[in-house]
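Enquirer: Checked TrEMBL, it gives:
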- Ser61: active site (ACT_SITE)
- Lys109: active site (ACT_SITE)
- 40-188: domain 'Peptidase S26' (DOMAIN)
Amino acid sequence: MSFLRPSALYQLLITFHSLRWMPCQSWASLPWPCFEGLLRLLIMVLLWSLCAEIRYIPSSSMYPTLRVGDRVIIERASYFIRRPAIHDIIIFRAPYQQPGFMEEEIFIKRIVAKAGDLVEVHHGWLYVNGIAQREDFIAERPTYLMNRTYVPKGHVFVLGDNRNNSFDSHAWGPLPVKNIVGRYVMRCYKPSAI
């Protein structure tokens, strides 16, 4: 008996139909990146850079959802194909009607009402169209009062999750949708507590 002769197990594997054809018989047949592949990669990187960015959270107005020092990924493409929705966390340019803010200043808040809604705050509750909103994501109930406000067409109403420490729509009114820069996607860096 020769030890160089193929074993019965080897013969079985070679004759088994699903194992007979193997797409990569050698390293030479592997697809290596070519000009087209590199061009596709470059286009994907350019599209990503145009549609997304990383931002830094400088204040505690969105605590406990976002903390000071968090880095967040913001995408800018989805609002070209859909409208802003309730509970979306958005970044936006400072409202033009606010003295003391430059137009390029960026805020981050949560949408709580859309065009056509009536918003009011009293007794520590946010009411949208007369219905008290259950909000498990806020730091504490608001201690301020806000009279009923109508959200006009082309606007949204935004509030920070840290309701008592946030400069938002309860102070300056509904936000024009044209001021929205993008939508929060995820937190990519959370600073460690010292």
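Yeah, the Cβs are placed from backbone N, Cα and C, and that goes for glycine too.
Curation does not apply to TrEMBL; its annotations are automatic.
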Enquirer: If one measures from the C-alpha of Lys109 (active site) to the C-alpha of Ser61 (active site), what distance in angstrom results, rounded to a whole number?
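Expert: A Cα-Cα distance of 8 Å.
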Enquirer: Determine the Cβ neighbour count for Ser61 (active site): the number of other Cβ atoms within 10 Å of its Cβ.
Expert: 22
Enquirer: Using DSSP, how many residues in the domain 'Peptidase S26' (40-188) fall into helix, strand and coil?
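Expert: Residue counts in helix, strand and coil order: 25 helix, 55 strand, 69 coil.
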